[in-house]
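Feature annotation from TrEMBL assigns domain 'Alpha-D-phosphohexomutase alpha/beta/alpha' to 23-162, 194-296, 305-417.
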Amino acid sequence: MSIHVKGLKMQPQVIATTPFEGQRPGTSGLRKKVGVFRQPHYLENFVQAIFDTQTDVAGGTLVVGGDGRYYNREAIQTILRMAAANGVKRALVGRGGILSTPAASCVIRKYRTRGGIILSASHNPGGPDGDFGIKFNIAAGGPAPESVTDAIFARTQTIREYRTLDCPATDLDELGTVRIGDMDVEIIDPVSDYAELMESLFDFNAIHQLFNSGIFRMRFDAMHAVTGPYAKEIIETRLGAAPGTVLNGEALEDFGGGHPDPNLAHAKELVAMTEGPDALDFGAASDGDGDRNMILGKKCFVTPSDSLAVLAANAHLVPGYRAGIRGVARSMPTSQAADRVAEQLGVECFETPTGWKFFGNLLDAGRITLCGEESFGTGSDHVREKDGLWAVLFWLNLLAVRQQSVSEILAEHWRRFGRNFYTRHDYEAVDATAAEGLMDHLRILLPGLAGRQLGEQTVRYADDFAYTDPIDGSRSERQGIRIGFESGARIVFRLSGTGTEGATLRIYLEFFEPDPERHLQDTQEAMQPLILIARELAQIEARTGRSEPDVVT
Ligand code: G6P
Ligand code: ZN
């Protein structure tokens, strides 16, 4: 069989292949070095496993886009050919192959498609020696649940062939529709649907007035990643912020050699701009694919855990959430600040495993409106991904309505709810066996910990977190070690599910301070006793050879 289009012969092809080891999607899709993805058949096997297991995608519309990192365009060409050969009827592709992760979720939902394939390794560095990633999002717009990723993985282990089309590359830079094989490829503006959604949620007039007041100075750092074009359109064009408000707004394939992770370690320049005599009033940043956010005020950093709590407490001030929120969810290692807000508001609060996919069912079922994670992710039921710019606009909307600074809003929040001091210590690229050994060592200790005195704290409970999804009853085990103390303090140990080199050990520490007189203490100093307990209990130095964490946020 051959199909004729515009005089071109397009031959469907069935290519023989053999399975690759290790195509199991992690916390957020399959992430590997670019070199791994570039092996012949590697990407193709994974994509075919998606089509083989997600059979309703054929015959419908599929969204395709990515964060623009190195290999994005090549991967999209491969995916489009394979989609056409696998019977997909229509592909919606962001111009230039660009779609931020939240924008992809928005497009999947708005056009009621059968799902999407997102190309990104999120905040991991890009370029020929950097990382690449691929994930499948379901029709609801969110990352595939574990049942789906397990099925895809299982398929990659038995795959024998994949289907593709022998055809020239599609022009990704011209808006409009072209046809490859029997599939329409519609190149869409990657920004407009998303920008429209933001306008429907936030009070753009109020934010515009804040920008026009002449006394408010802000910068948004796009870190040379995907949010550049989104932030320029929304913050500078639609909201009228001065040109130059968006820093590093040009999206580059290697993110300018940077590490597009918006945190205190990787967004140093921006942090510096919010300190010192000439400090900005507001600073914010997003990551490689636009789903993470960091919020800074003048000389102040809002932890993602506090951010979720503040947004929950103030949601009624924002048009999109005026009716109030239904419930809140946070990932297990995220601080319990949001729990206190939920309690006062009289709404449900859920503790889920790390990974945005665990919020999907709760959002779909209307049990929660807002959700967030300590890993710089915040979002709501407007899409099914966390959303960096959304969080920034939410904060701007609050600043405009409350006419207060970020630090005033925070201080007031803590006075009302108490403060959950919080920090995360990361030990990166640790020997994988040593890291597993450390976790096993902790697991062995667990049964004997309750009631024990550690430093000045008494252990109330110690477990390996397991979660039963309240909507579909699915069970996820071994999601991280929790040690809770009588004082309300907590230590959590977890191995990262997103790293691509060795293992990354994360230690999350938190304690509750009701006394406003003590709310301005230095976090690391105040945390010192808990930090010592964590290091001793896990025998970190002896087992990893590390005496200090690589990253403290
Ligand atoms: C990705 C996911 C987040 C998750 C984070 C955890 O960013 O989208 O939902 O919180 O990974 O990363 P980690 O490296 O701690 O597994
Ligand atoms: Zn991301």
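Including glycine, each Cβ sits where the backbone N, Cα and C put it.
In this model, the domain 'Alpha-D-phosphohexomutase alpha/beta/alpha' (305-417) carries an average pLDDT of 97.
Per DSSP, the secondary structure of the domain 'Alpha-D-phosphohexomutase alpha/beta/alpha' (305-417) breaks down as 61 helix, 18 strand, 34 coil. Across the domain 'Alpha-D-phosphohexomutase alpha/beta/alpha' (23-162), DSSP helix (H, G, I), strand (E, B) and coil residues number 54 helix, 35 strand, 51 coil.
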